Amino acid sequence: MSSESTVIKVTGKSAADNYDVVVGRGLLGRLPELLGERVKRVLVIHPRALRLTGDTVRDELASAGFTALTAEIPDAEEGKHIQVAAFCWQVLGQNDFTRSDAVVAVGGGAVTDLAGFVAATWLRGVKVIHMPTSLLGMVDASVGGKTGINTAEGKNLVGAFHPPAAVLADLDTLSTLPKNELISGMAEVIKCGFIADPAILDLVEKDPSAVTDPQSAFLRELIERAIAVKADVVSEDLKETGRREILNYGHTLGHAIELVERYSWRHGAAVSVGMMFAAELARSVGRLSDADADRHRTILETLGLPITYRRDRWQGLLDGMRRDKKSRGDLLRFVVLDGIARPGILDVPDTSLLFAAYQEIAS
């Protein structure tokens, strides 16, 4: 197994949008250098479940000469609320954080979303470095500069684009994850295979059991490929004005499921069902072949990801999809495939088409 780190670069229209995603093991020691000499104060935001990890990061920074503090927030989606952001702002204010200081996010995707939002809004923007500890956080939430919190009306409806200064994806942290969380995170990896990199699908089909082994070089390759897909798309379209929409494959229905379930479903599980729905929708209008639609079902099922959802929840899902950020007026828009690695947009003026596709995944 390689001990070398892999650096995947994200570039933008300005130097401020450029940053590195470092994938490797034992990366904590790189954090002080990435923060830089101008930073004096650092707030480490972490969930309750990672208190010891957060304290370790704080102590590492303190030993390097920083004034380091921690802010403990609720686990998972419970942490993505305005009240939690306000608590973090209070800590920053009470400790005299300036524009030259920084925030470090330690945790899964919900933590990087919240910490990024806090950094984006404090003094109109301070440096943030993400240290994702989940598979989902590594391949999705920490890369791309999207930040956000949830409201009663939907997921991530309040947020900002705020690229991190760096991302440290330390693979050692994956060893602490339950198997079902690794499997859930694989949904975002598989998504990258469907929309851009078919080699991801080939690798998963070759050895699906290896995706639950956090020590395997196989899983590392999948992670690096998925990050490379996202880095490529984000480098071209930071603020989702065009191509970046393809990263929302499976997310229109997926976010609606999360809303209906009051965020009790894992994000990856919801996206898995959403991708299956998008495949059936594309098949129904003749844009995706039977073979490619069936490949969705086979790969997702093989990994143990869900591909069906409750038949009696359709109206709630439709209401949730109407709030999707891709919608334009009363027109619902979906990312669909015209083939593997050939994403496109489907505008749906008639919800009966959606209902018919939903019947193919309803249980």
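Each residue, glycine too, has its Cβ placed from N, Cα and C.
Zn(2+) is bound by His251, His267 in Swiss-Prot, and the record lists one more residue there from Glu153, Glu188, Glu205, Glu360, which is Glu188. Within 8 A of the CB centroid of the Zn(2+) site residues Glu188, His251, His267, the other residues of that chain are Leu136, Asp140, Ala187, Lys191, Gly250, Gly254, Gly268, Ala270, Val271, Gly274. If you count neighbouring Cβ atoms within 10 Å for each of the binding-site residues Asp75, Glu188, the highest count belongs to Glu188.
Ser134 (NAD(+) binding site) falls outside any helix or strand according to DSSP and counts as coil. Taking only the Cα positions, the spacing between His267 (Zn(2+) binding site) and Gly109 (NAD(+) binding site) is 9 angstrom. Here Glu188 (Zn(2+) binding site) is compared against the binding-site residues Glu78, Thr112, Thr173, and the shortest C-alpha distance is to Thr112. On its own chain, Thr176 (NAD(+) binding site) has Thr133 as residues at least 6 apart in sequence with a Cβ closer than 8 Å to its own Cβ.
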